[in-house]
Amino acid sequence: MEVSSEPLQQGRGLVLVRRQPPVPQSLRKTLKARLLRSCTCSLPRARALVQDLIPAICWLRQYRPREYLAGDIMSGLVIGIILVPQAIAYSLLAGLQPIYSLYTSFFANLIYFLMGTSRHVSVGIFSLLCLMVGQVVDRELQLAGFDPSQDSPGPRANGSDLNNSAATLVLGPPDCGRDCYAIRIATALTLVAGVYQVLMGVLQLGFVSAYLSQPLLDGFAMGASVTILTSQLRHLLGVQMPRHQGPGMVISTWLSLLRSASQANVCDMVTSTVCLAVLLATKELSDRCRHRLRVPLPTELLVIVVATLVSHFGQLHERFGSSVAGNIPTGFVAPRVPDPELMQRVALDAVALALVGSAFSISLAEMFAHNHGYSIRANQELLAVGCCNVLPAFFHCFATSAALAKSLVKTSTGCRTQLSSVVSAAVVLLVLLVLAPLFQDLQRSVLACVIVVSLRGALRKVRDLPQLWRLSPADALVWMGTAATCVLVSTEAGLLAGVILSLLSLVGRTQRPHAALLARVGDSAFYEDATEFEGLIPEPRVQVFRFSGPLYYANKDFFLQSLYSLTGLDAGRLAARRKERGSEAGAGERDPVESKDGPGSSRAALVPTAASFHTVVIDCAPLLFLDTTGMATLQGLRQDYKALGISLVLACCSPPVRDALGRGGFLREDQGDVAEEEQLFHSVHSAVLAARARRGELAAADSTL
């Protein structure tokens, strides 16, 4: 590229010369090229596609058994041992039989081993998703004529997916009992949610989960944890009461518990008290001694084994009427295609399920990848989690995602690769084939204790709220609004409220950003907020204005009000009055500046129409972007200032803003005696010096005349 040396000969110093951008192709040619590139079929391309879809093909080639195998086996065994009691317990949340939770844990671990890109994430049953599945299952059971509050039959009468002996009402399906219909609802919901996640991965929409902010997720986890805790109180107390649905479920459940407190089962209450005390004490001890323990204590498994033995030999179900898990069959049930009619009915519910599962999975994968120095692919994570829902849905499984607690345990026990998921799946398979029936006398109150104790981490997040408020009140409001809506209305409404509040906080921050006048820091070339720092030197007859946000249609009025209020001159009103009068007769009058929405808006200020400054410099460094309304605002402002004999210049514009100014006609060469290079400056100080020199030249010319 040839550059003219004329600017250098004029003594203006170094000149930035922009490279000519390549000529863009037409949209038709671009789409055609991408279509041809994506449809081209070759052996290397097919191999690369398979490797992208199944990352295990690549990393298994680089697997080093001597370094990785011991840690993977140890972490896989520990996670498998933890999975078994949690799978049985979380079946209460989903309103399903325990066998289906074991199926879900088994298939999810195998599929994520093949398709996942995170080495440390544990994918399986997750309490929040189990709660959301259970709410949909209860609603559809009630619509079908079943009683959602009816517990499964006892250990002698209970069955599996073949349990068609459960009592139904008139509207129930003739070929399916309560437990059978419940798993049909769950698989239909899971398949639709998985399809959504797979489509998001195929369409490269992994970035969508980034819009679910961390305060939103923490608030959602807190509100959902309170809902889970409330739903388990009836099992902790052994109370027979209806399962409430819809808005206000938490409040309705608490009111029903208060009315039914006199019917509590003493055996379940004693069991719950003992189990909670043991689990909480052991968890606290493990947390304090976690640096000394190479492997976390399998407290849940020990409590479940001991409680099962006590319940079996003490005959707690027969003697005291304590509710138990019931028969858990061994083996696998024949696969079944989810009901298309049910899929249509739960399609809307699956949206929230897919978003929550995707957001938690991607955020956890990115967190562990950052901590351990490797990268993950968000879109591939969507595909992996989606396939963990789509494929197992045909094998009587329900929704899964990554879980923080198990992922932390997996990391602390030496996990190195996804191979540990295969070991965990082997442990679950052993329970499925051999050990599952041994838990039939396990009390439901014990399972509820396991669920409640697992909520410790989410419930403790409330302690972070004061610090979050100090750091960002807007994020704290999102946290509180999401949690409160989850508790008072529903989890789906809480998620929607969190998204809306997050967007409103983002809009609020851009609609009313901070605005200030700048002054010089001593003899340096730096300028800062004059109201924030002391000892700054304002530039005589030059106003330096900073607007810390984008300039677009929603904040253009606030931009003008802030500028007029801080500079003490309503240029728009004064220019309009001079134009109406057609003269400068109003030079000695005083006009009020109405800026009730801007800084210093407590009262209207009377300002002289004869301005005390000759140049306004706008610091555009914080200006992220301009839209057409923002461009028109700047053009109109320049015209108003020009009518008053005041120059408007911009400094520190980013390349996108400069491009927008050029395309919008702000930098036209026909601006009188002001050239383009005298309208934009690379620093505030250079703009101030140019304004000072220009006014000196004009003053000298006037004195000569």
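Cβ coordinates are placed from backbone N, Cα and C, and glycine is handled just like the others.
Quick look at what TrEMBL annotates:
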type	residues	note
TRANSMEM	69-90	transmembrane segment
TRANSMEM	188-212	transmembrane segment
TRANSMEM	350-370	transmembrane segment
TRANSMEM	382-405	transmembrane segment
TRANSMEM	417-435	transmembrane segment
TRANSMEM	479-504	transmembrane segment
DOMAIN	540-691	domain 'STAS'
REGION	580-604	region 'Disordered'
COMPBIAS	581-597	compositional bias 'Basic and acidic residues'
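Across all of the domain 'STAS' (540-691), the predicted model scores a mean pLDDT of 77. When each of 69-90, 188-212, 350-370, 479-504 is scored by its Cβ pairs under 8 Å to the transmembrane segment (417-435), the top-ranked stretch turns out to be 69-90.
Sequence-distant residue pairs (6 or more apart) of the transmembrane segment (382-405) and the transmembrane segment (479-504) include fewer than 3 whose Cβ atoms are under 8 Å, leaving the two stretches without contact.
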